[in-house]
Every structure is written in C-alpha cells, then in structure tokens.
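A.B. asks: One structure coming up, written as structure tokens, with questions to follow.
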C-alpha cells in the first residue's frame, strides 16, 4: 500500500501490475533521453555563436525529425498494446464477484454462491481502532483467494464510479446500465486498499475498497460461514 512521502508506484502484487511497472520504467527512460537531448540542443543554441541565417532548406534535418519520433512512438506503442491485450484476456476464472457502485458505498455479490452478498461502507474516523487507516477501512472486506484468477463484474446503481486497487493494477469504470469486467490475481496474501477513482458526488472520497487476499483453505472456511 502507499505510505507518506512515497516516491513511485505501489509495490506490485499481480502479474499485470508488474508489467505496468516495467512499462512505466521503459517509458520514463525514453522521456528522460528525449528531455536530455532537447536540453542539450537548447544549451548549444544559447552558448554558440554559429548560426545559419541563410538556410532555406534542410531535407536531412526534416527527415531525421520525422523518422525519429515515429521510431520512438513505436517503441512505446508495442509494449503498451501487449499489456492492453493481457488486461483484456480472461481465461477460465475460478471465481466471479459482482460489485455495484452506490452513492457512496460498494456492494458485492459472489455469483458462484447462492446467497453471499454484502454492502461495504467506510468506517468513520471516530470508530477506528488503533492501527487502522483513516478513510481506508471498511466494515466488510472483500475476501478472495490468492493465486487464483478472479473475474470482477463492475457496474453502478446511480452515477459514474470507478473501482480501483492500485497495487493490483486495477481501475474499472462503474457505469449505470453497463457491465464492465476485469480480472485480478494476487501473488501473495495481505490487505490491499483502493478507492473510488471517479468523482461521484459530495462523499466521493469516502468510498474505500479493501481486498483481503487469503489462502484457498481460509477462503473456503470464510465463505461457508458467510452463506
């Protein structure tokens, strides 16, 4: 999860987030090299007295500044498209969970079970226990098995919301009348925090998401108690 004065993204917990971190570093290096080149050219222009005031045509220069940006865009687009298709791919999910956005809370339904659903509200600051996080704790966590492919169906009952968990690389819009889907897989157990990432009204900041990733045996015990 995030911590105060953090530089960079949250630690990756899913394969998709690991790919996104690699792509971020790849793109950042390209941007750094372009910025360095531009600053170098600007410094040369400011420090040298050599000018070409009579130059009317420079085919070589025009060729270079047309081909070079095209190559740079290809180097960014190819890995980006690869990750995009990976995020859209859904292969035999082990569990399906439907989440609905409301003003201003989330509701969850485990569709593989007959009667396993609940609402998830933020815990007010005055009710927090020692060690709990302000504006991030909920009364009902989403318990899911780790190391398994989970399909999330996301929609909304009222206005636009967005279901996002940064450490898993997830951000899916919740749109009224439309059912979006995404997949997640956590490689290690733990608590993973997220929030609504679409401005949805006065209490937009009070719609936290808490995923509790646990071993399969623990999840089976929990689901048996909840049904």
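Using the three backbone atoms N, Cα and C, a Cβ is placed for every residue, glycine included.
Straight from Swiss-Prot, here's the annotation block:
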BINDING   161, 196, 200, 207  Cu cation A1 binding site
BINDING   198  Mg(2+) binding site
MOD_RES   218  phosphotyrosine
TOPO_DOM  1-14  topological domain 'Mitochondrial intermembrane'
TOPO_DOM  88-227  topological domain 'Mitochondrial intermembrane'
TRANSMEM  15-45  transmembrane segment
TRANSMEM  60-87  transmembrane segment
A.B. asks: Roughly how many Å separate the Cα of residue 207 (Cu cation A1 binding site) from that of residue 198 (Mg(2+) binding site), to the nearest whole number?
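C.D. replies: So the Cα of residue 198 (Mg(2+) binding site) lies 10 Å away from that of residue 207 (Cu cation A1 binding site).
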A.B. asks: Compute the mean position of the Cβ atoms of 161, 196, 200, 207, which form the recorded Cu cation A1 site, and then list in sequence order the other residues of that chain whose Cβ is within 8 Å of it.
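C.D. replies: Going along the sequence, the neighbours appear as 101, 103, 104, 106, 162, 174, 195, 197, 198, 201, 204.
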A.B. asks: To the nearest whole angstrom, what is the C-alpha distance linking residue 196 (Cu cation A1 binding site) and the residue listed as 'phosphotyrosine'?
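C.D. replies: Given the Cα positions, residue 196 (Cu cation A1 binding site) is 28 Å from the residue listed as 'phosphotyrosine'.
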A.B. asks: In the topological domain 'Mitochondrial intermembrane' (1-14), how many residues does DSSP call helix, how many strand, and how many coil?
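C.D. replies: So the counts come to 0 helix, 0 strand, 14 coil.
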A.B. asks: By CA-CA distance, flag whichever of 161, 198, 200 among the binding-site residues is nearest to residue 218 (phosphotyrosine).
C.D. replies: 161
A.B. asks: Counting other Cβ atoms within 10 Å of each Cβ, which of the binding-site residues 200, 207 scores lowest?
C.D. replies: 200
A.B. asks: Give me the CA-CA distance between residue 161 (Cu cation A1 binding site) and residue 198 (Mg(2+) binding site), in Å, as a whole number.
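C.D. replies: Given the Cα positions, residue 161 (Cu cation A1 binding site) is 5 Å from residue 198 (Mg(2+) binding site).
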A.B. asks: Go through 161, 196, 198, 218, the listed recorded positions, and name the one with the sparsest Cβ surroundings, counting other Cβ atoms within 10 Å.
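C.D. replies: Across 161, 196, 198, 218, these recorded positions, the one with fewest Cβ atoms within 10 Å is 218.
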